[in-house]
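Per TrEMBL, the features are as follows:
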| type | residues | note |
| --- | --- | --- |
| BINDING | Glu81, Met82, Thr83, Arg112, Gln126, Glu130, Arg256, Tyr260, Tyr261 | L-histidine binding site |
| DOMAIN | 19-321 | domain 'Aminoacyl-transfer RNA synthetases class-II family profile' |
Amino acid sequence: MEIKTVKGFKDILGIDAILFNEIQKLSYNIANAFGYKLIVLPTVEYAELFDRSVGNTTDIVEKEMFTFDDKGGRTLSLRPEMTASVARSFIEHHMETNPMPLKFFYFGQCFRYENPQKGRYREFYQLGIEALGDISPILDVEVIQIALKIIEHFNIKNLKVKINSIGCRVCRPKYKETLTEALKPHYNELCSDCQRRLYTNPLRVLDCKKEKDSLKESLPKITDYLCDECMEHFEEVKKLLTELKIPFEVDNTLVRGLDYYTKTVFEVVSEDLGAQNALLGGGRYDYLIEDLGGRKTPGVGFALGVERFIEILKARNYKIPDNKKIYIAYDKKFSSTAFKIRDSLIPDFIVEIDPKGDSIKKQIERASRREINFVCILGEDEFSENSVSIKDMEKGNQIKVKIDELKESIKELINNA
Ligand code: AMP
């Protein structure tokens, strides 16, 4: 029997792989420029980490985790997200002794046992940032700004930013009570999960995809129940976003599917994505580290779904600023010179050397099947004159230049095209 990929898992190939690499590279560069440092985390954690952070009444933990016992009897999970791992790492390595805020960037795969469909896989990649150790709303705005900066770097504009505040341990209990009361008359309309969570975690109703929008919109709004501190924080975030001309809209039904969030939550959504329209999500999590046994350390961050971003880039016909492709066709006697020529052109260009070094004509034919922009020809004549002929594969014309001037000559040809 032919062995195929496992349901919900996939190969990333062709243009998707190129975009994947571009996203990884550029997002890291941007986050780094804002002072966020790379953190590389394990894919496997103790299952308990996610129970105690994402929350044991969330869909992710209740239904979607790949959890198993290893041969040593440890109950482990493939990570469904990475913020919990950042928090675990922060505590484990006593990072609280560093000057705050500490800022991290991550990129890696996550696993959720979900029903696979477009934009929803069982293994998917997230990139994200976390700023730990400061309660200032400035950081909430910084995190949103970086998310947009990454997206805009790919010339993607007009995505919608939705924000909300879901309060803290002071104000949320009162809201939960009110929400439960408001939901009771609708008990029979609720899905079985929401019926079960009505008394333990009614906020999940707002996040449940099975419940009607009309019901969600009719419920009391959390922003009417915020304590003074949360209200002030939310106002500050909105004020700064407005001053920075970052367009956003307040969505009172936005709660996000993870229990650790407090105060600000946000999402960036795109119509290009259809039903799974959230490109990224994030928010503040001021109790997470403390709940996992660390010192009281607030935090804020976001996670962006890489596959969904690839979909948007493809839908909007994003063109990767391409490095021109060069092929070296040569007389076999001059192989080492051909290698030296390639060395002088990398990394400004993508350079391939013909593997056979047979007749120049055949080599040019091979190049013509490989989307090559220029073929550099090194035959007897060229070698004796310390030169290379450059054949423009699009225009068909050819010029001869000295080997030391090759790189600049190709750049000139590109600029004058
Ligand atoms: P979350 O960790 O749930 O806040 O999700 C953050 C982002 O990860 C989402 O906005 C999606 O872009 C992406 N994402 C979440 N779950 C999946 C999935 N099953 N498949 C693909 N992308 C996902």
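Each Cβ is built from the backbone N, Cα and C atoms, and glycine gets one as well.
All annotation found in TrEMBL is predicted automatically rather than curated by experts.
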Among Glu81, Met82, Thr83, Arg112, Gln126, Glu130, Arg256, Tyr260, Tyr261, which the record lists as binding L-histidine, the farthest-apart pair of C-alpha atoms sits at a distance in angstrom of 21
Might you list, by sequence position, any residue in that chain lying six or more from Thr83 (L-histidine binding site) with a Cβ less than 8 Å away from its Cβ?
-> Ser53, Gly128, Glu130, Leu258, Tyr260, Tyr285, Leu288, Gly299, Gly301, Ala303
Secondary structure at Gln126 (L-histidine binding site), reduced by DSSP to three states = strand
Quick one: average pLDDT across the domain 'Aminoacyl-transfer RNA synthetases class-II family profile' (19-321), no decimals.
-> 94
Site with most surrounding Cβ atoms, counting all protein chains shown within 10 Å, from the binding-site residues Glu81, Gln126, Arg256, Tyr261 = Tyr261
